[in-house]
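Provided herewith is a single structure, encoded as structure tokens, for subsequent inquiry.
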Ligand SMILES: Nc1ncnc2c1ncn2[C@@H]1O[C@H](COP(=O)(O)OP(=O)(O)OP(=O)(O)O)[C@@H](O)[C@H]1O
Ligand SMILES: [Mg+2]
């Protein structure tokens with residue numbers, strides 16, 4: 001199967017001189033198309049940073065990222081914006097909803113500029129929030145906000161879906177429901193899903209598990225057999 | 001409506017307090033612009049229409065007495081399109097209850113039909129019967145001021161003969177838009193009158209049967225006014241022509257022009273200052289608002305919204321606020337302009353005056369506010385766009401606190417945690433704090449500048465009547481008399497002192513520039529009426545030659561050492577060549593001073609005086625004025641108290657009244673800024689403050705952290721604003737000054753104290769308003785969403 005992403009020698013340094021933080025110290029990865037990939041690692045090891053760079057939100061300090069045949073690192077800002085707009089869905093570690101928009105409007109924010117979006121209500125139904133679509137973020141619980149964020153990410157039917165701790169704030173039942181949505185998007189649309197999590201058990205449902213430590217990839221394992229979301233416990 | 005537009009509307013509603021304050025600041029700035037320039041446009045347009053409709057003559061040619069046959073010769077002059085000769089003369093109206101008779105003009109009405117020129121605009125009543133000898137139309141403004149209505153009878157002295165005239169109607173005329181008491185420059189409809197009477201009656205009174213004493217002329221297309229005037233003067237010379245003059249030398253027109261020009265200067269100088277300050281505020285506020293949105297901007301970019309789309313979104317927001325402000329400003333400007341119009345109709349005899357806003361003002365107001373607002377937005381957006389979305393979604397990197405503020409030793413004991421938060425809050429972003437400070441300083445500058453101007457007006461008034469002219473009354477003689485006339489008056493009971501003066505009406509000419517005015521002859525070391533310069537020092541007058549006020553020297557483009565041509569318009573009408581010795585900065589008017597003996601020498605009329613100024617015993621004043629009425633040598637008496645009241649009235653209700661509106665605007669702007677500064681602090685720190693509350697800090701302590709920052713910013717702004725206000729007061733004073741009066745400016749501690757108190761008060765009120773919101777804050781909601 002073709003690779004969705006290939007990275008070579010990725011580094012990312014924040015700040016300069018004495019106070020510089022080396023968040024990534026040379027990451028080489030190959031991520032095949034259509035897989036669910038789980039990214040594990042201790043806090044501060046650079047998971048979010050890697051996700052941001054792959055998703056075209058940030059640029060590496062050195063190294064290269066290829067998405068299919070395109071080298072993201074050489075794209076202009078404008079082209080990078082197009083890349084995000086056309087191919088990528090995000091679920092952020094902090095839910096990052098627009099407080100002044102309702103749940104449905106937060107989804108519409110993305111569907112309005114997407115080529116082949118789902119109906120926003122359908123996306124909210126997927127995450128079990130059909131009845132709450134006119135509520136503002138301040139009227140939703142943390143888990144509900146997270147689900148809106150997921151609905152927002154899947155609604156555009158992206159090729160790649162980046163999720164930064166999508167189940168962090170959820171109880172296991174709701175979390176499982178969210179994982180089912182992600183698995184379905186992967187299965188039905190063939191979307192590549194890259195998910196950061198602290199819950200090692202979730203790794204059971206992935207095709208591929210990447211462990212990071214200290215800005216580097218420690219090992220990559222491919223699951224011979226995968227669990228269904230319903231079987232995941234944490 | 002797209003989702004982004006919905007977001008925009010909700011955001012505007014969310015920050016409605018702030019939006020309202022900004023809208024108000026812009027609105028009042030635009031209002032001033034629309035009102036002032038609209039007044040200028042309305043006055044000039046109304047005047048033009050009035051002149052045209054009521055056919056004001058182009059050239060006025062007074063003559064002692066010319067037979068009507070001379071009209072044919074005038075008509076033959078090339079360039080004369082239309083011509084008429086009428087009878088006019090000085091008159092006195094004696095009203096019961098007035099200390100002195102009031103000067104007036106009598107003007108003839110044609111026996112049949114409308115006058116050819118200067119058509120009277122009849123407001124009430126009927127025209128006098130053509131053959132009637134004792135019927136007249138009365139100037140409407142004058143009648144209103146004295147409560148005279150058609151059907152009343154008034155005592156009028158025509159050519160020395162006193163009569164009772166029946167007022168058949170009230171009228172106005174384009175040649176009498178402006179009237180003032182003799183020797184004064186302040187318009188006052190109550191103190192100068194006009195009566196229109198049938199030609200036959202007036203001709204009999206002034207001995208003008210078959211003759212005229214003023215020719216009125218309309219110029220043909222492309223005719224040269226100067227050439228026509230020269231030719232007319234040659235024709236009328238044998239009949240005692242006193243010199244034809246053009247419309248712009250007509251006293252009424254000159255003063256109305258002066259008023260409009262003054263207003264135009266003010267409308268060009270002052271509202272832009274206000275708009276600039278409002279724009280600056282807008283810039284600061286928008287800047288901070290967009291900065292607070294960086295997270296949302298990052299998010300939108302993460303979803304694939306392009307820079308342009310995001311930029312357009314915020315630009316729309318800024319535009320909406322700016323346009324709301326500008327639209328409100330236009331509406332307020334029209335309302336304020338309409339409210340100002342009656343002020344002008346009471347001081348000037350406009351038969352109609354409709355406020356018509358100047359479309360250009362709308363353009364200027366809207367453009368200025370939109371530009372200022374977008375500049376504020378664009379500046380930050382540019383910076384925000386340079387961030388990658390990942391960076392934008394994080395709060396700005398915390399700067400290194402360790403180097404800047406370390407609380408150790410004494411400081412550690414002196415400052416508790418909330419105080420440290422205040423100090424660090426300011427120190428963390430000194431430039432942002434400074435920008436807010438600068439905004440408040442701008443408001444402070446406007447306020448202190450405007451209050452200084454209030455004081456300046458009072459000072460100018462006080463100077464005019466306590467320093468420049470300290471007399472109680474001025475007596476004008478019918479014609480120049482010898483010194484014995486002064487001695488006669490000095491002997492009247494109750495007269496404390498008299499001081500003679502010579503005032504010679506003249507056309508002052510330098511090259512191609514002319515000015516119709518007069519030359520004031522002053523005695524050596526006068527006690528009452530003095531020539532005073534802007535520094536309040538007496539101008540000492542040379543043995544020979546003339547001293548001109550700066551304004552006049554400017555009009556004539558003349559410098560010391562140049563020769564001034566003085567074409568006297570009195571007696572034998574000699575033409576004098578007088579050297580300009582000095583140009584002095586005068587406070588009031590456009591004076592030309594000479595020593596009285598030097599002037600008389602030049603005129604070859606030694607010992608002649610035009611009148612006297614006198615100081616009188618206030619108990620005897622009324623009797624003295626009554627006595628003066630009955631002296632045939634006395635043409636008019638001007639009482640200082642009345643003149644002062646006219647000037648005061650003009651300053652309070654006429655041209656000067658704009659300063660009250662401007663003052664109000666200055667204070668509104670100031671409040672708007674201070675309130676915004678408080679609000680911005682609140683918005684940016686809502687989460688910190690909520691966290692403090694959650695950690696168990698009391699409302700008071702959390703409020704202290706928020707308002708402490710506001711207090712620091714405000715206190716820094718006061719001295720800066722005071723300094724800027726001092727500078728600004730000069731610019732505003734220049735805008736308010738005109739040829740009639742210079743508004744003197746100096747540092748006025750009271751004004752600055754007052755403005756500072758207002759700023760502090762505004763900070764207090766804003767602080768309380770924001771504090772109230774802080775107390776009501778929904779802790780859970782704030783902490784739950786990342787706003
Ligand atoms: N903008 C930034 N400036 C400076 N340092 C940063 C910045 N963003 C991240 N870092 C640092 O880079 C390192 C990696 O951060 P990253 O957010 O990728 O960690 P993470 O693996 O996602 O951690 P967590 O599981 O806690 O979310 C951390 O040490 C972090 O402090
Ligand atoms: Mg992370």
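Keep in mind that glycine also has a Cβ here, set from the backbone N, Cα and C atoms.
The annotation domain 'ABC3 transporter permease C-terminal' is assigned in TrEMBL to B:273-389, B:661-769. Under the heading transmembrane segment, TrEMBL lists B:21-43, B:269-286, B:318-340, B:360-381, B:433-457, B:660-682, B:703-732, B:752-770.
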Of the listed stretches (B:318-340, B:360-381, B:660-682, B:703-732, B:752-770), which one yields the highest count of Cβ-Cβ distances below 8 Å with the transmembrane segment (B:269-286)?
B:360-381
For the domain 'ABC3 transporter permease C-terminal' (B:661-769), give the DSSP counts of helix residues, strand residues and coil residues.
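The breakdown for the domain 'ABC3 transporter permease C-terminal' (B:661-769) reads 93 helix, 1 strand, 15 coil.
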Tally the residues of the domain 'ABC3 transporter permease C-terminal' (B:273-389) by DSSP class, grouping H, G and I as helix, E and B as strand, and everything else as coil.
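Going through the domain 'ABC3 transporter permease C-terminal' (B:273-389) residue by residue, I get 99 helix, 0 strand, 18 coil.
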Within the same chain, where does the transmembrane segment (B:318-340) have neighbours whose Cβ lies under 8 angstroms from its own Cβ atoms, ignoring anything closer than 6 residues to its ends? I mean 6 or more beyond.
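Residues 8, 12, 19, 22-35, 38-39, 42, 282, 286, 355, 357, 361-362, 365-366, 369-370, 372-374, 376-377, 657-658, 661.
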On the 0 to 100 scale, where does the mean pLDDT of the domain 'ABC3 transporter permease C-terminal' (B:273-389) fall?
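Result for the domain 'ABC3 transporter permease C-terminal' (B:273-389): average pLDDT 80.
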